[in-house]
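Visitor: I'd like to ask you about the structure that follows.
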């Protein structure tokens, strides 16, 4: 019974609400205002960006405390666990927090040395220094774009007084990369040399770099491929430089966009060193370099015995006998000259020997070949037809093609010894197959961003229009119709009241007239009564006159 009564009361309350035309209007208006406010707040809501991620609990609490003191709105990202702030304040907040030493990071740096106590042992001091150095290196490596986190382990050998017992330090680096990111050869080399330069006596070969997947990143570049990224980039730069030179020298002749060139360069990346030693025979003795000279002279004296052919010839004195200097051939390395003089005219004998040694004409040449020398060039050039004033294409003449080919040879540095090849073709370009160039404005990212921002406000206006059209406007229409009906009813009521008032006024006038008539009759009868009392004869004459008029 109570439930039925409550249900009846609820139905009666709903019927009363439905009967009241203001209730739907109020509800629809409130809903429209709420939706509009929500959409405006959504449109004006700031775009949140990541301030810091992968923070420790200490750093996260300190950063949140500082943001609260600065009255900066922030929120936590459930997916990445990062602290997000409005996009326009990210860089400012990072600088302000960095000024306060936040975040400190999971690894401690040189601030660990600020907490050393007095009387600490040398071993503990060395361990703290090594920990601080590892932490600073980890922080530095984490500043590289693809690196999400890093850890560094240093193996520092104990110094020794003996040279043969000294060992080089080594380092192991583990990097945690961002999803979908990787380190290229240049970044790997940069990390290796960064660690090597930060530790005294650490050669780059003793640095090992490993990613979170356990992949060794510091393996030799030639262990799995012939060319590394640096060599490929160098080859691409060489080809691009030659291509730009060809297009730059031919564009003023045939016009911009009327020439396309492709260059293929074969480069030699082998590291070569050559040592050459040459020996040549000595030239003129006057220009030869004297290395050493030895001179021997001997003299003998004694009795001489006569000899010779008997006769007159033997009685003649013998002429002076000079021993000639014998010179070996010029192509010998050691030259020897001997001079001997013997006198048979008496007991005296003299001998002279001279030996000269000259330097060997030797040439030693050590040549280190350049890495990346061009071994061969292959160039292909396509030149468009020239366009006549009437719009018709016309091929270039043989002289023009010969001129273009000669200019291309000079621009590319053509060498027959190297085996270079060049092919120049004159062909009409297909204008419908144009590629490259600047993207249309509707495909540019700036236009897309502006379109998205405008679309957000357009969505707000569209929802507002739909609310006005479907919710607010019908209620206002019904409200206006109800007000009009009420006004019509009021006007009809006023007309009825006016008619009633008019009718009432007529009745009142009739009653007033009747009252006046009654009052006039009473006054007349009173006057007649007074007149009959005062002058009965006049009254009798009046009555006689009335009677006569009635008979007539």
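Glycine residues also receive a Cβ, built from the backbone N, Cα and C atoms like all the rest.
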Visitor: With the ranges 405-425, 426-446, 447-467, 468-488 to choose from, which does Swiss-Prot describe as transmembrane segment?
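Guide: Going through 405-425, 426-446, 447-467, 468-488 one by one, Swiss-Prot flags 447-467 as transmembrane segment.
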Visitor: Between the candidate ranges 2-22, 23-43, where does Swiss-Prot place the transmembrane segment annotation?
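Guide: Going through 2-22, 23-43 one by one, Swiss-Prot gives transmembrane segment for 23-43.
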Visitor: Within the same chain, where does the transmembrane segment (447-467) have neighbours whose Cβ lies under 8 angstroms from its own Cβ atoms, ignoring anything closer than 6 residues to its ends? I mean 6 or more beyond.
Guide: 31-32, 35-36, 39-40, 42-43, 441
Visitor: On the DSSP side of things, how many residues of the compositional bias 'Polar residues' (346-358) fall into helix, strand and coil, could you say?
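Guide: Summed over the compositional bias 'Polar residues' (346-358), the classes give 0 helix, 11 strand, 2 coil.
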